[in-house]
Every structure is written in structure tokens, then in C-alpha cells.
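One structure is given below, encoded as C-alpha cells.
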Amino acid sequence: MPDEPYEPERAIAGTGMGGQMDLAASEAVTLEKMPRGPDGTERPAGRPRSLWSDAWHDLRRNPVFILSGLVILFLVVISLWPSLIASGNPLQCDLAKAQEGSQAGHPFGFNGQGCDVYTRTVYGARTSVAVGVCATLGVAVLGSVLGGLAGFFGGVWDALLSRVTDVFFAIPVVLGGLVLLSVVTSNSIWPVIGFMVLLGWPQISRIARGSVITAKQNDYVQAARALGASNSRMLLRHIAPNAVAPVIVVATIALGTYIALEATLSYLGVGLKPPSVSWGIDISAASPYIRNAPHALLWPSGALALTVLAFIMLGDAVRDALDPKLR
Amino acid sequence: MGRYVLRRLLQMIPVFVGATLLIFLMVNVMGDPIAGLCGDRRCDPATAAQLRAEFGLDKPVWQQYLTYMGNVFTGDFGTAFNGQPVTELMGSAFPVTIRLTIVAILFEIVIGITLGVVTGLRRGRPVDTTVLLVTLVVISVPTFVTGLLLQLLLGVEWGWIKPSVSPEAGFGELIVPGLVLASVSLAYVTRLTRTSIAENKRSDYVRTAIAKGLPRHRVVTRHLLRNSLIPVVTFIGTDVGALMGGAIVTERIFNIHGVGYQLYQGILRQNTQTVVGFVTVLVLVFLVANLLVDLLYAVLDPRIRYA
């Protein structure tokens, strides 16, 4: 950055995603000398602001974050209590009304089976949110534990884990889903979630490994080691809090892609199957009637796209807030 | 250079073995391959046992895997559900999917990099914001939705294209499916190029080049672009494997008889040989593409030397 004055904050942050953790530590130390926040505003004297409160400070003012946060909040609420805005039953269909368009009480019209598209679209949110959240939690926990331990201990396990992640990266995801899920006859969301965790953890473990290796080399970790801290104390108290941010960012964006993946698998007929209510199933069922009843395809597609968009935008906003290099 | 390539080739072996073994195990979980052979009825036990012995299915899985891989390296991929050799299916399916992938990659290179350069040079301007917003939307809409919508609009409503592709699948028919297949990666390429260009635009060598009085287009194409394209080339290279594997959705929408179609049939009919054979080739494509990308580094960035 040639035209900007030298700032220690930025110089430290320049080491990338792992680097901003040093920033948090250095800020705490140099607070007296630098009473300015990253946005240049006066900082109230007193307690030093951590990376997280800094990020929160930024996020509250970010319209993208507020907008996507509201969309996600709305999705979570209607997936917990869909009857709040949809009074009908998603499984109650009347073949006589098949493919009919919008009418009073049924704003989105009816699909090929004569089910109310509005009710099904509202109820479909539950499946998507549940699959997305559960798969992301599973992937994040498994990935960061495996990746974090490999990064911390290094050696043979690290080498082995790196080769295993290479193997998983070489298998196309949709293909793996088709092969594994085509045998599953159970109609719950758990096989889909299990598959996503099985094929998704290497993505997180690679990130977690990298950020643990960066955090491990910090002086305060060396100091803790010199003071005789045990491995578990170093990992949990010193390294984990400073290595978790990149994992959170990647996991938020991944949540959106898992929702899209569930819909894709359901579209291919191996994810959830009817009578489950899922946007993927509805889109798949509507595609043969695309000429006569495009609305049955467009509404669930729109809901799906909006949901994925909200999560990706939230992830983008969180990354911008946590990575001072981009400010 | 030679030693580097050799080392990389050796490193590919465990990944290749691991990935094929994984898919072999997954397919073995997939259910009874014999059941698929008898059609809709249940096989009678004697026939089933004989078929099992004939295909070596009574042996342990690791032994089946070794036998299979041994056959693969002599060019024998087994037979598909209809008695056709799998290699014959590959011969008809791979050219179609390769054509589709070429169209998709061309879209990524031409549209993605152009948009990335334009927005990267005009960061913060309306054109940048618009393109950024569009890429975000494209990333969020799953491929199968993009495909169905384009099929509805271009194929059904406006009649610009035929909604489904003929079995020959020439380049002309694959333009729209290729665009659909490329859509998400196209958006990523745009964003990646934009970030990279915007970052390098402020670098010393670009300032030097401008100060020397070089014309703008020469600064952009020779100095800026060459350095900014390194991460983009990595992405596109690794994407080749992902596109061929991900073509399954696009091929289903536009009824293209390529790799995805054959794989889908193989999975539906529980034909182990077809599925494992095609996936093995896809994994190989992915690994070789990654190797080529690493070698391309040296061409793009003269600072990188492989000892």
C-alpha cells in the first residue's frame, strides 16, 4: 500500500486471515498509544475492544449484514412456526385444482398435484434451514477438531490428514451424493446431513489447520508453552479463540451452499423424497409442467435463491468485518 | 522441472488410490449389483450365486478392488448393464461432456476474465457494483434452477434454442447448457479476477510501467493481467474436474447423453462397473488438471522455478 502512511495495525493485518488475530492481541497491548479504532473514530477510553466487538461494531452499521440478517431471522421464525403465515396444510392437495394460477386465498396458485404452492413454499423453509444448520454444525465441529489437532501436533497425523483431504477433494460432490444416497430409503433429513458432513469436513479442516498453524507461532503461545501450560490449555485458551474466525466465515458461506446442495440432490431424486416438503422436490416436480404452470417452479426457486443469497451475503459481511485487510 | 513433475506424479498415486477406493466402497454400499441384472423380478438364488461367483462378488471387497484396478490398467473397465463394454459407453459419453466442458471453460475465460478486468479497474463505480451484485445472485441460484429457467425462457417461451439437445450434441447446441454449467464458476472467476486486478493495480511495477509512458492497454495486458491471472488460472484449472463431475445436473436438464447421463443410468440400475469406471476417469482428469495448473504457474510467473 504505497500511498498510505505506515500503520502497525495494517502491517500486522497484512499477513492474511490468520494475521488479524495478532491484531486483536496487539490492539490490547498498544491501546494507550493508539486510541483510534480501525475506522478512525475516537475510541472510548477504558476496556480494550476485542476483535469480536470490533467486528460487531462494524456489522451493526453494514446494511448488507442487517438486510441478510433480517431475511435469515424471518426464515428461522417461519421454519420454527410455519403456521404463523401459512394456515393451510402442505400435504393437502386437490387434483381438481392442479396447475391453476393465483386466486383468492392462494396467492401463488397450485402445482401439478393441486397442492397450494404458497403453503408448500413456506413449509419448505424448515427443511432447508434444518439441513443447512445441522450440516454446517457437523462439518464445522468435525472439520475444526480434526484440522485443529493436525495443525497443532503436526507430524505423521498432519501428513495423513492432508492426504485424506486431497482424496475427498478429488471426488465430485454431487456424484458422491448420488452414489451414497441412492441406496437410502429413509425419508428423513439425517442421511442427507450425514452425507454432507462426510464430504464437507475436509473444506473446514483445511482452513482450521492453516489458522491453527498461524496462531501456534504467536509469541503469546510460545510464552504459555514456556510457562508450562499443557497442550489442552494452549489449544483451548490461547489458540482456539484466535483461530476460530476464518472457520466461522467459511462455515457461514458453506451454509448457503449446503442448502443449495440439498435442493440439488432432492431435484435429482436422491435427497429428500415426497411426502417430505422441500423446495428441491417441488422444483423437480414442477419442471415437467414448466410450460403450463411456470409459477409452481418460480416460487420455490425464488425462495431457494433468496435463502442461499442471504447466507452468502451474511458470510461476506462477516468476513469483511473480521478481516481488517479488506477495510 | 523433470524431477518436479516426477515427484508430483508420485504424489498423485496415493490420492488416486484413495479416491477410487473410497468410491469403490461407496458403490459397494450401494446395494446388490446382482439385483439390477435380473430386472424387476427377484433373482432366483442359484442364478444369483452363479453370477456372484462369475463377477467375483463373493470375494472380500479389497480383493475385488485389486482385481478391478488390475483390469482397469489393462484397459478393461468391465461391462455395463446392457452388456456393452464400459469403455464403449465412455467413448460415446466423454466427447459430449468434454465439448460441454470446453464451452463452459470458454465462457469462464472470455466473460469471467473480461468482466473481472473491467470491474477491477473501475472499483467502486456503478458498473462494478452492478456486476458484483449480479455475480452474487448468480452464485446464489443453484445450477438446476438457472438451467430450468433458461430452458423455460430461451427454449419454451422464446424458442431461440431447442429445449433438449440431440444425441450428437454439437458445439452449437451446447452453448446454452455450457453457459448454465459455467454460471456459478463464471461468477467466481469474475470476483477473483476483480479482487486480483484491484490489488495489483496499486503495485509498484504498474506505477513504473505507467511512469515509463507505456500505453494503457499494454500496461493492463502485459503487466497487470499477467500477474493478476495466477489465482484465476488455479481456479479454472481445478474447475475442469468439478465441471465434468458437476455436468450431471446440466446434462439431466437438457437431456444431453454425456458422462452425467451414463453415470445417472449406472446409479439407477446399480451397475457398479459403470459408476466406478466413470468416476475413476473423472478423478484422473481432476488430478491431471491440477498438475497442469501447477506447471502453468512457471509459464505465467517467471519468478517460480521448479528445481
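Just so you know, glycine gets a Cβ as well, placed from its N, Cα and C.
Any TrEMBL annotation is an automated prediction that lacks curation.
Positions annotated as transmembrane segment by TrEMBL: B:12-31 (among others). Remote same-chain residues near the transmembrane segment (B:12-31) are listed as 61, 64-65, 68-69, 267, 270, 272, 275-276, 279-280, 283-284, 287, 291 (criterion: CB distance under 8 Å, separation of at least six residues from the stretch ends).
Sequence annotations record features per position, and here TrEMBL assigns domain 'ABC transmembrane type-1' to B:94-297.
The feature transmembrane segment is assigned by TrEMBL to B:96-118 (among others).
Under the heading transmembrane segment, TrEMBL lists B:130-154 (among others). Listed by sequence, the residues of this chain that lie at least six past the ends of the transmembrane segment (B:130-154) yet keep a Cβ under 8 A from its Cβ atoms are 115, 118-119, 160-161, 163, 176-177, 179-181, 183-184, 186-188, 190-191, 194, 246, 249-250, 253-254.
Within its own chain, the transmembrane segment (B:174-193) has Cβ neighbours under 8 Å at 99-109, 111-113, 115-117, 119-120, 131-132, 134-136, 138-139, 141, 143, 146-147, 150-151, 154-155, 161, 165, 228-229, 231-232, 235-236, 239, 242-243, 246-247, 250-251, 253-254, 256, counting only residues six or more beyond its boundaries. As annotated by TrEMBL, transmembrane segment applies to B:174-193 (among others).
Sequence annotations record features per position, and here TrEMBL assigns transmembrane segment to B:275-300 (among others).
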